[in-house]
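Record features (TrEMBL):
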- Thr117, Asp171, Asp199, Ala200: S-adenosyl-L-methionine binding site (BINDING)
Amino acid sequence: MATHRSCALWSCCGRRWSRVMRCCRLPGFRSSWPRGPLGARHLSQEKQATETHFGFETVSDKEKGGKVYHVFESVAKKYDVMNDMMSLGIHRIWKDLLLWKMHPFPGTQLLDVAGGTGDIAFRFLNYVRAQHKRKQKKQLRAQQNVSWEEIAKKYHNEEDPLGGSRVVVCDINKEMLKIGKQKARAQGHKAGLAWVLGDAEELPFDDDKFDVYSIAFGIRNVTHIDQALQEAHRVLKPGGRFLCLEFSQVNNPLISRLYDLYSFQVIPVLGEVIAGDWKSYQYLVESIRQFPSQEEFKEMIEDAGFEKVTYESLTSGIVAIHSGFKL
């Protein structure tokens, strides 16, 4: 998807320019001037016209963006169903583990990138709501001589059941966001949730804005992974956390052979039968094989400026959760 370390020189040179232009931005959103994680940004038109991969196919950078957009536009309506079918429902456990690792508290500001259908956002809202209720109960139990009326008021007059927490779902694909909004209405999620159309490589947010940045099964589809990681670093507050759930490298030879057989022989067939789209799911399988190993991706995260970078392999390395901090 991307060359890494290629933006290191630009990052160093752009820091001072970023500070000069900072006063020109509207609150909460980025200006159109080039800026980056610790400074430098290329303008879109300045991106090098280099080659990259689209699955096993070699394409230009510009061409890949359009192809990936078309894939997710095509699969959006059946995306959640196919996730259940392809992973036999295990993706739900992986996402639950991501939230468990995140362990957000009331007041946490989360940016979920490539989160169009809302799976991580809804889990986040449910998690912090439960956390806030537990905190509320603990406070009431600690109080002495509290009347029933005071307890009832405490519960029924609660203005913010999320305790100040907010999640912004940012996705480049309109169709994926559309499905996410439909799911939010169906599940009754209103407060503390916003939907933004945006590119992971050029996030439309100010510096130092979020406590946590999450991206689940999305970063391998980004054309320039290094730039997306730099943007993640830029929008996080000092002390903020980066969390990525992504397919990775299987570490068991036997499971690896079985996984390859299932991936290439079964998943595209499921895509054709359920979603009417063989090619898109063939790409998704191929894109997994092109993604860096756990150690290689860890190094890329560190190159973007994150510290204390660790990862945990799940299900014999089929997926991994990478974590890093902006210190």
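Here the Cβ of each residue, glycine as well, is placed from N, Cα and C on the backbone.
Any TrEMBL annotation is an automated prediction that lacks curation.
Not measured: the values here are computed from a predicted model.
Annotation for Ala200 (S-adenosyl-L-methionine binding site): spatial neighbours Val113, Ala114, Cys170, Ile172, Ile215, Gly218, Ile219, Val222, Ala228, Glu231, criterion Cβ-Cβ under 8 Å with sequence separation of six or more. The Cβ of Asp199 (S-adenosyl-L-methionine binding site) has Ile172 as same-chain neighbours under 8 Å, each 6 or more residues away in sequence.
Counting only same-chain residues at least 6 apart in sequence, those with a Cβ under 8 Å from the Cβ of Asp171 (S-adenosyl-L-methionine binding site) are Val113, Ala114, Gly115, Gly116, Leu177, Gly180, Trp195, Val196, Leu197, Gly198. When other Cβ atoms within 10 Å of the Cβ of Thr117 (S-adenosyl-L-methionine binding site) are tallied across all protein chains shown, the result is 24.
Spanning the listed S-adenosyl-L-methionine site, residues Thr117, Asp171, Asp199, Ala200 have a farthest Cα to Cα distance of 16 Å.
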